[in-house]
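To keep things clear, I will list the structure first and then write my remarks on it.
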Amino acid sequence: MSFQRPPICSRNVTDSHDPYKYQFGFGNHHATEAIPGALPPHGTNLPQKAKYGLFAEHLNGTSFISSRAMVSNVWMYRGKPAAAHQPPINGEGEHHIESCFLPTNPNVAFTPLPYTWGPLASDGSSNSTVARKFTFVQGLRTIGGHGDATLKEGLAVHQYSFNKDMDREVFSNHDGELLLVPQHGTLDIKTELGNLLVKPGMIAVLPAGIRFSVNVTRAFGGEESEIKATGYALDVFGTRYALPDLGVLGANGLAHDRDFEYPVAAFDLETDDDDRPFRVTIKLAGKLFSYTQPHTPFDVVAWHGKYAPYRYDLSRFCHLTANTDQLDPTSYCVLTAPSKWPGVSLVDFCIFGDKWAVSKNTLRIPYYHRNIATELCGVIRGQYKGSVRPLEVGGLTFEQSYMPHGETYEAHIKASEAANDPVKLEGSLFFMFNVSAHLALTRWAMAEHPDIRLERPGIWDSMQNHFLHHLKEAKGLSDANSHQTLTPPKSPDGRMLIDSGS
């Protein structure tokens, strides 16, 4: 049995069928209690005797010596402390999770080859008829990453697919902060600090060390066979997601602080109708460990702090437009994770949703480019319009840093001749993980993924050099310019800066 009491500042305007209430404001110091008086009085975090016999517990997400602007922690007031559990043991069963992407790891490799992967079925395969059951943790599949969780620098990119609820099973990611991007299936996420309902078209962020369970909501009268969820996850090590600076945009644009929603306190009551222990799985350095405890981990009656999970509805994002030229993809950045290099991001999470295209005399398709960033693109809904990658909803593409890429010759010619009339782009939602480093792919992604789609052979064979058709024109202009007399530059007072006789 779960109990939650919404605070005065809560709201729920996203979905009338959402049973949960939320607090709002990115990075705010939130305070919430499911029972009046459960929070200690102002001015103290650790009363000698907490109200209702609760235990005070502190979870710190930043080092003790941190600036006030950066410090992030949470105080919880709960039925039993998290320390009350059996000793952890090595996790059982096979998994496909990596957190080390150094060249010394034989399970990963760096490659300049582009890759495209199709969607995963909810049973972890490409064949939905296979009756295998996976929970969220069992359904995580690491595609690739950078750095190493033990060095507190880097990230991991995952696909997930599962068809089984986490019944008395709990997960805690000790490697980093986890961003979830659902593609199919509404996630019902129960955390120590409260509940989040996350539909496709939304995202959720779960801080490191927070314990949570992921289930799937079902339609009224639905059966267990309807459990099905697929999507993406981005794990960042040694850093946390932040809102990008707005710079010359000023106060408005991109994602607004007030649209990020945090859970209110909710707790489960202990009952005698199920004496099975709770199993808590920990991800540490890419390895899984687990421990059991007889009581529910979801017994936090009140909490206050900044270190908390949250969700965001991507439909609230304010897309930018340009009258001429193209905006960089990071102009559509929802969240960024800073790296250890000042002013340089580790990864940017960018989305491309409904917006107007109004630019004049501008090539509107992706131009040919090379950059330091590794690009991974996925489709949440709609039809992918790119001409090179066979990408569909639930799939993922990979383009290694500095590798040249762009649209096909045929797409380029079509876009070059198209009328640049204003047009509304709608009905699709894409995202990009823009990683500022080389990315290593896992052996599983390169050899065992059930749907690997390599670049089509001969796709660039039709490319032509149009400059060859203009050589005569170019030569004529060059010859004409060669007969012109160049006038030496002069200083402001009229004197020659170069001796014309030398």
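Note: Cβ is positioned from N, Cα and C throughout, glycine not excepted.
Now, the feature entries from TrEMBL:
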| type | residues | note |
| --- | --- | --- |
| DOMAIN | 21-314 | domain 'Homogentisate 1,2-dioxygenase N-terminal' |
| BINDING | His369, Glu375, His405 | Fe cation binding site |
| REGION | 478-502 | region 'Disordered' |
| COMPBIAS | 479-488 | compositional bias 'Polar residues' |
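Overlay of TrEMBL annotations on the structure.
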residue	record	Cβ within 10 Å
His369	Fe cation binding site	9
Glu375	Fe cation binding site	22
His405	Fe cation binding site	17
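Annotated Fe cation site His369, Glu375, His405; additional same-chain residues within 8 Å of its Cβ mean position, judged by their own Cβ, are Pro366, Arg370, Asn371, Glu399, Met403, Pro404, Gly406.
For the domain 'Homogentisate 1,2-dioxygenase N-terminal' (21-314), the model gives a mean pLDDT of 91.
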